[in-house]
Each structure stands twice: as structure tokens, then as C-alpha cells.
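S.K.: Below you'll find the structure I mean.
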């Protein structure tokens, strides 16, 4: 009577469940979003915090709403241009490095046209990054401007800026966390605490300089 030898391979516990439960779309590489997401989130937060802090600094020594709005608007235009140009230069430098790397690889090994085409399609776009950064900065900067534009009382105006900026920081933190599949609580907390610190430091330092007797 002949016997058959059977070989059994033990799989790690839970491996079958993971394979069965894995959806086709779950292997999406969220790092593909990193370029435009980084530019957009950074631009929005920078516009929101920097312009709000700038307006809070002006509000520390001046009660005139016109001075605060003009300062904020000038900061919006200057900051959006700076962010867009800086992002364009940075991403364009990255593009040149990656293009040079592709050329070196194609010279060393024979690659198919499809593979080379896929690599070029994944290259960063400096213009898109610059536009996303500049637009996001502007959108963020509009929040404190709108919060202060229609309020005459000085103290109420400052409180309105802090409230509007805090809510916007939470929204931006939540959007960034959802799109990047990160922790919502941690992302929102970092954005909120960072924004509060920036506004408080700017307000305090401006108030301190003003108290020294410097004419403003």
C-alpha cells in the first residue's frame, strides 16, 4: 500500500484574512499626492497664520481698521507672490534633477518606451505647484481679512480674527489629514497650536516694542 507525502505550508495568522479583505483600491500610494498636497496645505496655513499674525501685530499698537486691512492686503499679495515663486523655483530644481537621473538611467540600461514614458509622466510640475501654493496662500489670507473688515470695535475685531483663524486652522488641518490619510486629531492640534503661538508672539513682540517709547 503506497502512501502520499503532503507538504503543508503554514501561513502567518491573519494572512488569509488580510488578503481576502484587501480591496483593489487599498494599494493606492498616497505619497503620489505629496507634491500638490504639501504645496496647498503649506500655502493655506502660511497665508492664514502669517496674515493673521501680521494683522494682530498691527492691532497691538493701532486701533484703526483701515491700517489693519491695508497691512493684511499688502501681506497677502506679497506672500502669495513669494510662495508661488519660491515653490516654482524649488520644484523646477527637483524636476531638473529627476530628468537628469532618467537620462543617466536610459544611457546605462536599455529601457522600453513605455517605462520611460511612465517615469516622465510622474515628474513634478513646477507651474502646478506654484499655482497651488500661491492660490492656497491667498485663500488662507482672506480669512482674517474678512473677519476684520466689517467690525468697528477694536477688541471685538481682534477676537473675531482669532476665532475665524482658529476655525480655519481646524478645517485646514482636517482636510490635510483626510487627504493624506494622517491622524486628524494630531494634524488639527499642530495647526491650531502653531497658529495661536504665531499670533501671540507677534502681538506680544509688537506691543513690547511699542511700549519702549518708539513712535509708530
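Any Cβ shown, glycine's included, is placed from N, Cα and C.
Copying in the features that TrEMBL gives for the protein in this structure:
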type: REGION; residues: 1-29; note: region 'Disordered'
type: TRANSMEM; residues: 36-55; note: transmembrane segment
type: TRANSMEM; residues: 67-85; note: transmembrane segment
type: TRANSMEM; residues: 127-151; note: transmembrane segment
type: TRANSMEM; residues: 158-179; note: transmembrane segment
type: TRANSMEM; residues: 191-210; note: transmembrane segment
S.K.: Which one, 36-55, 67-85, 127-151, 158-179, has the most C-beta pairs under 8 Å toward the transmembrane segment (191-210)?
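M.R.: The stretch with the most contacts is 36-55.
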S.K.: Under 8 angstroms, Cβ to Cβ: which one of 36-55, 127-151, 158-179 has the largest number of such pairs with the transmembrane segment (67-85)?
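M.R.: Against the transmembrane segment (67-85), the leading stretch is 127-151.
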S.K.: Using a Cβ-Cβ cut-off of under 8 Å, list the residues of the same chain that are 6+ residues beyond the ends of the transmembrane segment (158-179) and lie near it.
M.R.: 33, 37, 41, 44-45, 48-49, 52, 55-56, 59, 140, 143-144, 146-148, 151, 186-192, 195-196, 199
S.K.: Below 8 angstroms Cβ to Cβ, which residues of this chain, lying six or more residues outside the transmembrane segment (127-151), approach it?
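M.R.: Distant Cβ neighbours of the transmembrane segment (127-151) are 35-36, 39-52, 55, 65, 68-69, 72-73, 75-76, 79-81, 83-88, 90-91, 157, 160-161, 163-165, 168, 172.
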